[in-house]
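For reference, TrEMBL has these:
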SIGNAL    1-20  signal peptide
DISULFID  CYS51-CYS66  disulfide bond
DISULFID  CYS71-CYS83  disulfide bond
DISULFID  CYS110-CYS122  disulfide bond
DISULFID  CYS117-CYS135  disulfide bond
DISULFID  CYS148-CYS160  disulfide bond
DISULFID  CYS167-CYS182  disulfide bond
DISULFID  CYS198-CYS216  disulfide bond
DISULFID  CYS210-CYS225  disulfide bond
DISULFID  CYS231-CYS243  disulfide bond
DISULFID  CYS238-CYS256  disulfide bond
DISULFID  CYS270-CYS282  disulfide bond
DISULFID  CYS319-CYS337  disulfide bond
DOMAIN    418-433  domain 'EGF-like'
REPEAT    480-522  repeat 'LDL-receptor class B'
REPEAT    566-609  repeat 'LDL-receptor class B'
REPEAT    785-827  repeat 'LDL-receptor class B'
REPEAT    828-870  repeat 'LDL-receptor class B'
REPEAT    871-914  repeat 'LDL-receptor class B'
REPEAT    915-957  repeat 'LDL-receptor class B'
REPEAT    1060-1102  repeat 'LDL-receptor class B'
REPEAT    1103-1146  repeat 'LDL-receptor class B'
REPEAT    1321-1363  repeat 'LDL-receptor class B'
REPEAT    1364-1406  repeat 'LDL-receptor class B'
REPEAT    1407-1450  repeat 'LDL-receptor class B'
REPEAT    1451-1492  repeat 'LDL-receptor class B'
REGION    1583-1613  region 'Disordered'
TRANSMEM  1650-1671  transmembrane segment
REGION    1776-1829  region 'Disordered'
Amino acid sequence: MRRPCGALLLGALLCAHGLASSPECACGRSHFTCAVSALGECTCIPAQWQCDGDNDCGDHSDEDGCKLPTCSPLDFHCDNGKCIRRSWVCDGDNDCEDDSDEQDCPPRECEEDEFPCQNGYCIRSLWHCDGDNDCGDNSDEQCDMRKCSDKEFRCSDGSCIAEHWYCDGDADCKDGSDEESCPSAVPAPPCNLEEFQCAYGRCILDIYHCDGDDDCGDWSDESDCSSHQPCRSGEFMCDSGLCINAGWRCDGDADCDDQSDERNCTTSVCTAEQFRCRSGRCVRLSWRCDGEDDCADNSDEENCENTGSPQCASDQFLCWNGRCIGQRKLCNGVNDCGDSSDESPQQNCRPRTGEENCNVNNGGCAQKCQMVRGAVQCTCHTGYRLTEDGRTCQDVNECAEEGHCSQGCANSEGAFQCWCEAGYELRPDRRSCKALGPEPVLLFANRIDIRQVLPHRSEYTLLLNNLENAIALDFHHRRELVFWSDVTLDRILRANLNGSNVEEVVSTGLESPGGLAVDWVHDKLYWTDSGTSRIEVANLDGAHRKVLLWQNLEKPRAIALHPMEGTIYWTDWGNTPRIEASSMDGSGRRIIADTHLFWPNGLTIDYAGRRMYWVDAKHHVIERANLDGSHRKAVISQGLPHPFAITVFEDSLYWTDWHTKSINSANKFTGKNQEIIRNKLHFPMDIHTLHPQRQPAGKNRCGDNNGGCTHLCLPSGQNYTCACPTGFRKISSHACAQSLDKFLLFARRMDIRRISFDTEDLSDDVIPLADVRSAVALDWDSRDDHVYWTDVSTDTISRAKWDGTGQEVVVDTSLESPAGLAIDWVTNKLYWTDAGTDRIEVANTDGSMRTVLVWENLDRPRDIVVEPMGGYMYWTDWGASPKIERAGMDASGRQVIISSNLTWPNGLAIDYGSQRLYWADAGMKTIEFAGLDGSKRKVLIGSQLPHPFGLTLYGERIYWTDWQTKSIQSADRLTGLDRETLQENLENLMDIHVFHRQRPPVSTPCATENGGCSHLCLRSPNPSGFSCTCPTGINVMPDGKTCSPGLQTTDGLAVDAIGRKVYWTDTGTNRIEVGNLDGSMRKVLIWQNLDSPRAIVLYHEMGFMYWTDWGEHAKLERSGMDGSDRTVLINSNLGWPNGLTVDKASSQLLWADAHTERIEAADLNGANRHTLVSPVQHPYGLTLLDAYIYWTDWQTRSIHRADKGTGGNVILVRSNLPGLMDIQAVDRAQPLGVNKCGPRNGGCSHLCLPRPSGFSCACPTGIQLKGDGKTCDPSPEMYLLFSSRGSIRRISLDTSDHTDVHVPVPELNNVISLDYDSVDGKVYYTDVFLDVIRRADLNGSNMETVIGRGLKTTDGLAVDWVARNLYWTDTGRNTIEASRLDGSCRKVLINNSLDEPRAIAVFPRKGYLFWTDWGHIAKIERANLDGSERKVLINTDLGWPNGLTLDYDTRRIYWVDAHLDRIESADLSGKLRQVLVSHVSHPFALTQQDRWIYWTDWQTKSIQRVDKYSGRNKETVLANVEGLMDIIVVSPQRQTGTNACGVNNGGCTHLCFARTSDFVCACPDEPDGRPCSLVPGLVPPAPRATSMSERSPVLPNTLPTTLRSSTTRTRTSLEEVEGRCSEKDARLGLCAHSNEAVPAAPGEGLHASYIIGGLLSVLLILVVIAALMLYRHKKSKLTDPGMGNLTYSNPSYRTSTQEVKIEATPKPAMYNQLCYKKEGGPDHNYTKEKVKIVEGICLLSGDDAKWDDLKQLRSSRGGLLRDHVCMKTDTVSIQASSGSLDDTETEQLLQEEQSECSSVHTAATPERRGSLPDTGWRHERKLSSESQV
């Protein structure tokens, strides 16, 4: 009998009460204890019922392991006691369910394509070692561990993980072996200023701090927040910022991560529909006595005896008293139930006669008979069940019971047969199905990355990393795509399944996209958004996005599709949790389950099993049901702390758990065989099984033509529906409108949205715009479909088409808080208010011809509207005296129309029909209206308006936004009644407008030839109707229509007449500069902490300069005239300090302030400040002459004068002077004074600038002063060189001001790419407007065209400074070419498999050429400098690889990706790839110097830099530069090193190309008239006959040893040589027209005269060498002429005190000395040092890691370096320590590297051979040819 713990049965059953999680039961001695059920129930049965063949426990636990002699002779007795038909033995099926019927069977012959299992089964060979136990005894998985790739790390258990996960602080191996023996942890660098650091070190954008979302993953970004965004209605906000359902507050369950929902709770919180647990927790009343422990203390399941009968197993009998007994005990003559119900007449039990016997008529039994206690007991064969009469047997329908078959089941009499769906195959057990195809992979989101794990192997790989917050994901197997949602970025992205080509799919209008599903049949993407409470659909690329479901949705989460049936399923965990379904077009919506749900998180569909599975994190359960919701059942109800997502494959469930941070699996039928696949994960989220059978083929209802639909074709049952994107109306059954005619437009700070009035759903749709940070004001113009908006964060006014295309900034300067915006659609003008500058301005709609209209008596103007019909504009002002004003649209006739009963007048709107003005007042909480003149004022709506902001009218309705209710509402515009809410739960609502196409036309004089105005024609009230106006700084001429030419500037200017210098301020660049009077020697003096520097004045005698700054924090400052000793004099009570002058006589400063309307004075140190004149209307310029001050006034257009001491006696000097700006006084009677720098410029080579203590010498911008303090270098040593289409500029890195200086190169049109040659000091550049490559000196002189023909689009350029070659990419021709630096010898290197080659870079020292290609398949490639040995380095996860640069020190390549918006790096082989910066706007080019990476960015129009090691410390080097293109660094450290082509062009006649281990000579594609040789040093004869004496043959033994020893290398076949030349000539390279570059090879078959001449030369050289050796060493060894150029004696290394000396003659002066010795201590003891020879530098170092790297590298280096000699004037001492380097190792390294330092190829200068010393070290080499012998 089964009873809950604590119940008592006749005193015979004992139950030990335990917790549900670990129950313990104990029965009496005469009873057997059954296994504890999943719900913690204990069952006790009489002991004699054990092993009686009857299922008395209900779970067969009383029969497990029993061997009963009850099987008939016709049956087989299984090891577990089960009886099966003997004919089933050894039939290949596991009928006993313990495999005992298939043991000891004769071996079965397996087919050729089958694998024999040890248990006798045969399985497919493909299933061998696939990680799946197909045999059943795991014999098919006894395999060797697979080998990890070179990019993987092998764990101790044999599994493989990504290499860069080793020692990353995260245990990725299951045994944690990847985090063992790691070096000490390096502290993570701090986050930059724009980022917030999570508790575990990760950095997120600072704007995500305290935004209510768990962006860190541990809620650390939401802790310690003083203020949060409020949660939505019906939600409770935890202290951490998390929003949960309000009903979960005080329910006894800690739902907040900080448990704040259970604090300060009262006890009486359960509703009438809830049951109160003993713990105080509230659960649903319907869960009371349902058999599940919902309270977690079992109190909801206590005292439930009378609530219903327990359900017995299928092979049990339910007694009247609720007890369950085995079916065989029915009618056996024994009262087993205890109430005789098993023996009652109702059971048709016959009376026992005592004469029954199994030998007589089989005891009356239909099948099996046995005697029990002297009575007959009938039983049935396997596959049958005893009927109620106790005699006959009936067939058991196994197919009706779950778990007998994985998928299909066919029942037959006494048996059944399993079958599998298409794509699956029956396993040897004949019950389970195995999917055909590749091994399954679990694909899961891990917040910061997306990973893959093989479930049967637990092998672990990374698919995508450096993600922000990946939550939901799905895949498209056929298209090899993965999709995921990021709830931090609020975007949906996709990539290839190999991790490449990451791109955004949906980037706007998302708030919390928690569910994602791919329709792989119809190629659609569906997603849920719990923030917007919607389900949406779009094409796979995000196009044609449509809100599918929006009504009665609260918190939709998981979503799953069944495309074959055309159905969507989703979960909703709002206040009414439920699982729903609908057709895929949104129709036919229905509820699948809505009871016993709380947090239905994950959802998946078993397509083969036709079931759905879901997880509930609140109930800690995994459930399943049929697809219609029937036959719902809990699969797992224990051990699930917080399940999140689930997937199914074959017979297994896989799910992620937030609490355990793990992926788990279990059997999908029973919930048993639970296993942890992976644990210790970061934060596992969504999970899917990546396998083709998870996306089976189905019928595409839309066919090949999209069903004939113009936009979306969505499945609906077995048909389809044509649908339109959100907001677009349907104009026919298959077609949608192409545009929107009317829609509500509103701003939400971070985005701008629209609600279409063309459709009925009124769903809001985000307009896809970039960089919207704080949009406030809006307006529109239907003629060009433009939408305009202001942004108070970026202080810009922008516009775009209504669909988001054509976005551009129209005004971006001198804005502080643009809060109002209005379009005059009649004259195409843009009006705006600025609450920061207190101005109203106007400009053309493209931002041109901007002018200030109103600037006086404005105090925080807010909204503005225009009425072109009457020529008026209206605005609200909510400063100290709130008011509503109007004026002509040209600012004429200004008047206040409303000034009383106003507090915060916000939105304005005009009803043009009724001539009414409407406004919303957030302080008065009203919406009012009045006539256009302010009369007949009336309150329209005066209640339930907490905080109205935006206001607009359309038709008969008025619409407004409300900050507090977070809603958009409407009402009748005449009565204020019939209020409706269009949208709610919208944060940060701002302005609102209705876009339509019925604006009334207005005739205006401006429509005809612009009203005759030269610039601006503005509407004005009648009778004039218009007026002409000029842009700011230009005045109207007397004709009233024409503007005076020339644009004045508001910058300040001051001339030092004594020092002959000019000083000026620049508000555009925020700099103060100085230069000579002719403009030469320009220098930036002040560049930091300047906002808007205006007036400037000098005091040469004191050495001071003073200036005003009227930026956000206005101030008056002083410094020395050289920029030193800067100090702020006055920084309070300043507004717009314009004019400034110095009164030297009274030592006072005087200034004019146009905002405070005062002229003030103070001492020269800022003390004794006092007002001279007040008020003055708008003073601008100020000057001093004698005892008076003079100033100009913009408003009065006059010059005024006053006494300088008192400010009295103000008189008007001159009036009616339009366009007045600055004013200066000239007094020729005053002497100039003495120049502080004296007659000789203070001894300075360039600038001499006064200062208080004398003077200082200075250099032009970017150039440092030398140590003598007097002289300057002609140019900076290290600087950036960049192009900006029409200019080439320089930024010095020697100084910190980072000021750009123009390089005066003439005739620049559209410069794209740059490079520099440090040898000749020339800059090379491409001009794609002229299609040329040019070069010039840095002073702009000697400009010449290098390549002037045959170019289309040269995007990349690189200079080989060693070989003096020029490389370039041509995107138009898809080629990579090279030439000499002067443009000669032009040759195409690569012209195949190039799509869009862009950037190019060279590494001459290594002989490498790198380039990017951003064509259809983006990639980065490498080749030798001659184009050979081409190799693709990177071709995954690339978008638009634009810029490319090399770090020659660390030997890494860096590139920018303008599509993925990031900067990455890798080593020279494309390995060890790293993302340096993951968020850059639109990078184009980059370069590297020291620890910095610099790049140009098109979108931000800036040059920026970051630390190349960490990707942090991001800085803007230069801002606001249009058309930025290429950027390079010019530095002495960049173009170093050499190669074989560095001396005498490698002996080549035309082109010399260095390669990794050798070099080649090559000929140009077009002959230049000179004979071309492919053999170094060999000059072929000219076409004309020449005498022997005129030729200069080079003998074979004078060729470079490297080349002569390279006979094993691949050579160009003689048959490939072009032209009609002999094989002999071809070998000698005498074919002048051969275009193929070949490796330099020894000469063969030379003419006899050459041989004779060569032998004579060799004899002469040998004599000279012998004489030198005898003289130098007294002991010589003859140099073999066939050997290399140098021979060395073999030194003896003993201990650390043994010194080895290598002497060499001085090297040529043209080479830098690259060998140096590390200095020792006073005793020059190097006992702890090792010898290092690294890339051209002989170095003594103790760096063991580099030493090991060197030993690994040496085998890959060719013989080229062996013929380089390390030359140094002095003796080089190399010492080695014992124990760290043995003699043999050192000798090998020295012999193989042999002074790679200077890389001087001695063969190129044969006349110096005799001077090279013989140190006695010999290289034994075989002679390579007969001629050499």
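Any Cβ shown, glycine's included, is placed from N, Cα and C.
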- Taking the Cβ of CYS122 (disulfide bond) as centre, how many other Cβ atoms lie within 10 Å? 17
- Message: Can you break down the repeat 'LDL-receptor class B' (1407-1450) into helix, strand and coil residue counts using DSSP?
- Response: 0 helix, 23 strand, 21 coil
- Query: Most CB pairs under 8 Å with the repeat 'LDL-receptor class B' (871-914): which of 785-827, 1407-1450, 1451-1492?
  - Reply: 785-827
- At the level of the C-alpha atoms, what whole-angstrom distance separates CYS256 (disulfide bond) and CYS110 (disulfide bond)? 60
- Task: For CYS148 (disulfide bond), just count the other CB atoms lying within 10 A of its CB, please.
- Result: 17
- Candidates 566-609, 828-870, 1060-1102, 1321-1363; stretch with most C-beta pairs under 8 Å toward the repeat 'LDL-receptor class B' (1407-1450): 1321-1363
- In terms of Cβ proximity under 8 Å, which residues at least six beyond the ends of the repeat 'LDL-receptor class B' (1103-1146) contact it? 816, 1052, 1054, 1056, 1059, 1063, 1065, 1072, 1074, 1085-1086, 1090-1097, 1152-1156, 1159, 1161-1162, 1164-1166, 1169, 1179-1184, 1189, 1191-1192, 1204-1205, 1222-1223, 1236, 1249-1256, 1258
- Task: List only the single closest residue to CYS167 (disulfide bond), chosen from the disulfide-bonded residues CYS51, CYS198, CYS282 by CA-CA distance.
- Result: CYS198
- Task: For CYS256 (disulfide bond), just count the other CB atoms lying within 10 A of its CB, please.
- Result: 21
- Item | Position of peak Cβ density within 10 Å, selected from the disulfide-bonded residues CYS182, CYS216 | CYS216
- Task: Give the number of CB atoms, excluding that of CYS337 (disulfide bond) itself, located within 10 Å of its CB.
- Result: 22
- Query: What is the total of other Cβ atoms whose distance to the Cβ of CYS282 (disulfide bond) is within 10 Å?
  - Reply: 20
- Query: Once the chains shown are all counted, how many other Cβ atoms turn up within 10 Å of the Cβ of CYS117 (disulfide bond)?
  - Reply: 21
- Row CYS319 (disulfide bond), column other C-beta within 10 angstroms, all chains, value 20
- Message: Under 8 Å between C-beta atoms and at least six residues away from its ends: which parts of the chain pack against the repeat 'LDL-receptor class B' (566-609)?
- Response: 234, 245-247, 284, 286-287, 290, 406-407, 420-421, 424, 433, 515, 517, 519, 522, 524, 526, 528, 535, 537, 548-549, 553-560, 615-619, 625, 627-629, 632, 643-648, 655-656, 668, 686-687, 693-694, 696, 701, 714-718, 720-721, 723
- Out of CYS167, CYS210, CYS238, CYS243, the listed disulfide-bonded residues, fewest other Cβ atoms within 10 Å surround the Cβ of CYS167
- Message: As a quick check of your reading of DSSP, tell me how many residues in the repeat 'LDL-receptor class B' (566-609) are helical, how many are strand and how many are coil.
- Response: 0 helix, 23 strand, 21 coil
- Task: Write down the Cα-Cα distance for CYS110 (disulfide bond) and CYS117 (disulfide bond), rounded and given in Å.
- Result: 9
- Query: Hey, which of the disulfide-bonded residues CYS110, CYS198 is the loneliest by Cβ count within 10 Å?
  - Reply: CYS110
- Item | Fewest-neighbour residue among disulfide-bonded residues, criterion Cβ within 10 Å, set CYS51, CYS71, CYS83, CYS135, CYS160 | CYS51
- So of all those disulfide-bonded residues, CYS182, CYS210, CYS337, which one's Cα sits nearest to CYS83 (disulfide bond)? CYS337
- Item | Rounded inter-Cα distance in Å - CYS135 (disulfide bond), CYS210 (disulfide bond) | 55
- Task: Pop the Cα-Cα gap between CYS148 (disulfide bond) and CYS110 (disulfide bond) into the table, whole Å please.
- Result: 32
- Item | Residue pair CYS337 (disulfide bond), CYS51 (disulfide bond) - Cα distance, angstrom, rounded | 18
- Message: Roughly how many Å lie between the Cα atoms of CYS148 (disulfide bond) and CYS243 (disulfide bond), rounded to a whole value?
- Response: 45
